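Here the structure comes first, spelled out in structure tokens, and everything after it is commentary.
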Amino acid sequence: MDYTTQMDAAKKNVTTKEMEVVAEKEQMEISELKMLMAEGKIVIPANKNHKSLSAEGVGQGLKTKINVNLGISKDCQNVDMEMKKVEIAIAMKAEAIMDLSSFGKTEEFRKKLINMSKAMIGTVPIYDAIGFYDKELKDITAEEMIGVVEKQAKEGVDFMTIHAGINRETAETFKRNKRAMNIVSRGGSLLYAWMELNNKENPFYEYYDKILDICEKYDVTISLGDACRPGCIDDSTDASQITELIKLGELTKRAWDRNVQVMVEGPGHMALNEIQSNMIIEKKLCHGAPFYVLGPIVTDIAPGYDHITSAIGGAVAAASGADFLCYVTPAEHLRLPNIEDMKEGIVASKIAAHAADIAKNVKGARDWDNKMAEARQKLDWKAMFDLSIDPEKAIRYRKESTPEDPDTCTMCGKMCSVRNMNKVMAGKDVNILRED
């Protein structure tokens, strides 16, 4: 192998098998794909040890991808349930799965996940450190934190959230600028607490070059975590968020100098009118690196419905330049999602991603909608179900309320506009009260 990472291969004009897979999926010329990868505007997260991976690209000109979060917590330790979620996420064509397990020894679960998943796998190494070393946060050493990164890289993790932007300088900006909700990033809050408790620099920032060594060796894509993402709409686009984003832009260039692929993570909670400008700011400050957003959630008043608040924000964000959406479920802010929550979150995120791809004029994005329009015009119900983003739900709704005329539905019956236009344009009579 005469290259170290996918980015290195692109810079050397070497075509990898992963590039071939992505180019075919995206209907993009290999030459264009390699050019954008060499510039850092597209990443293909593909750890050398993830053998079951079906590669996906994230970035400029590609379809918007979605990520599904899962994993065990101290209060919910049902590994079998989480593996069932993995199977469903893959069946529903999620392109990425993040193991956010935050309790105990997670290695066995993660290895099983990597072995079975054709979706790219992401993690947040700081979550694993406490359980792996069985130590309180303040007692974990910087070397041990870096050790977790290396351990997970060896296991085959494709991308890792590394909160390297929350350094002492960013922390001071945070202290000087009051927020309604402080730091809501789980990984970011842990690292901020570690810095304060130990009066030391963030290990992920101080030893960033060591992390780059690891990521280059295994071709792990760094997902630069936004520790200072807003946790409510009142905190969005503030000094802490932007200070960290500037730092993430600098860290992006350092990674590129080592041929390490980079994504940048973003908000968060944010009012609709701020989303587009935030996408522009990220692309500018982070030099066109792919943007991975959690939501954004556009209002804070909808517990139980945050898959909707997130889909609204995600559609606007992706239409304005975001490349990767982290799904949000109805259980957000309330509890660990169950399987039904997960399904709803995936569907909502996929709708947002697809709507954005239409707006961005991504190649082939409209084809799906055009086929649905054709099926509806023909009143071809089987085709409509087959084309539905959630066929199971569409079929169930149809069966729950059966119309007299099988061509129609119980909303309009024989007043169905499509039915009647088809008839009259074919020179036939339109009978509403009588049998045809």
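We count from 1, first residue shown onward.
Just so it is clear, glycine is given a Cβ too, placed from its N, Cα and C backbone atoms.
According to Swiss-Prot, the protein has these features:
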BINDING   N69, M98, Y127, H163, S185, R186, G187, D226, A227, C228, R229, E265, Y292  substrate binding site
BINDING   H269, H333  Zn(2+) binding site
BINDING   C409, C412, C416  [4Fe-4S] cluster binding site
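Note on proximity: of the binding-site residues Y127, C409, C416, the one nearest H269 (Zn(2+) binding site) is Y127, by Cα distance. Excluding C409, C412, C416 themselves, the residues of that chain whose CB lies within 8 A of the CB mean position for the [4Fe-4S] cluster site are, in sequence, P403, T408, T410, M411, G413, K414, M415, S417, V418, R419.
Summarising the environment of H269 (Zn(2+) binding site), the number of other Cβ atoms within 10 Å of its Cβ, over all protein chains shown, is 26. In the three-state DSSP scheme, S185 (substrate binding site) falls into the coil class. Straight-line distance linking the Cα atoms of S185 (substrate binding site) and C416 ([4Fe-4S] cluster binding site), rounded to a whole number, equals 50 Å. Reported as a whole number, the C-alpha separation between C416 ([4Fe-4S] cluster binding site) and N69 (substrate binding site) equals 41 Å.
The secondary structure of H333 (Zn(2+) binding site), as reduced to three states from DSSP, is coil rather than helix or strand. Cα to Cα, C409 ([4Fe-4S] cluster binding site) and Y127 (substrate binding site) are separated by 50 Å. It is R229 that, of the binding-site residues R229, H333, has its Cβ surrounded by the most other Cβ atoms within 10 Å. Note on the binding-site residues Y127, Y292: the fewest other CB atoms within 10 A surround the CB of Y127. Of the recorded residues, N69 (substrate binding site) and H333 (Zn(2+) binding site) place their C-alpha atoms 14 Å from one another.
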